[in-house]
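K.L.:
The active site, nucleophile annotation in TrEMBL covers 149. Per TrEMBL, active site is recorded for 289, 322. Taken from TrEMBL, the feature domain 'AB hydrolase-1' covers 46-178.
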């Protein structure tokens, strides 16, 4: 068992009610989270760690199933996000499946799972729940918001929603907009499962088999073959391991969460609002990532320049695609350490 695990504290925060961007109201929202390190007396040494689309608040643990790869080499005592210096908070997103309120949660108004009645949410809504958590923890300012992929979306949204509260953001294999969100494709695949029942499947067999198949396909797009090649040189053995990983994940992640969060990604684009960003920006893309290709970098950096945003860009030379931020942490994490050090000197 790692020292980081021993020092990690798991908890949850309850928000009595939140009016969402859509105008709908969610009652009794629970946000699960982990913390590492200790908050300073002035409340100004916190780093918010934001996870990806299908991962959760355990992303910094060894063996984490995070698609972006475990961040255990990035977060911890003496590491680039140094828990001896910083109070690190990693919340599970609203709508996700690892303890926070989602479609499988019981609707207090009906006593039954929300299912298809769970309202649409946005990145701004997700950040609002995180701000409530941050305030409850006594944090007065964030040194940085740091995350990969969908976690990068959250970081950018923080810089827009609370420009005076965040000194810097770091987005890995991410962008200030979502280049491709296949909500229709996901909905079609899920609805093809005879047990889908319009998203209200909690009293029946469920749709795990379909979700596991979708996960296997996603892992391959993200670059899992390269990650597993050393351990499983034989392609057939890799396929067996991919199926195992997908089924293990499908046991925990709710199908409705896939739709809810992808809908939020589909409408995410903060480029029109970048002129309101005061935080410094750290952006790193993987040379083999098919979701956020490095060809995006020039366009994104030009947008930062036009908006007057202080930003730096790094390319991660990696064979591991979307997994690069975790699997190839040694190729970029010291750059993050330097970036954060500059923030704490401001």
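Placed from the backbone N, Cα and C atoms, the Cβ positions cover glycine too.
Note: TrEMBL annotation is automatic and uncurated.
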K.L.:
Other Cβ atoms within 10 Å is the metric here; tell me which of the active-site residues 149, 289 scores highest.
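P.N.:
It comes out as 149.
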K.L.:
Provide, as an integer number of angstrom, the distance between the C-alpha atoms of residue 149 (active site, nucleophile) and residue 322 (active site).
P.N.:
8
K.L.:
What is the interatomic distance between the Cα atoms of residue 322 (active site) and residue 289 (active site), given in whole Å?
P.N.:
5
K.L.:
Could you put numbers on the helix, strand and coil content of the domain 'AB hydrolase-1' (46-178), residue by residue per DSSP?
P.N.:
29 helix, 30 strand, 74 coil
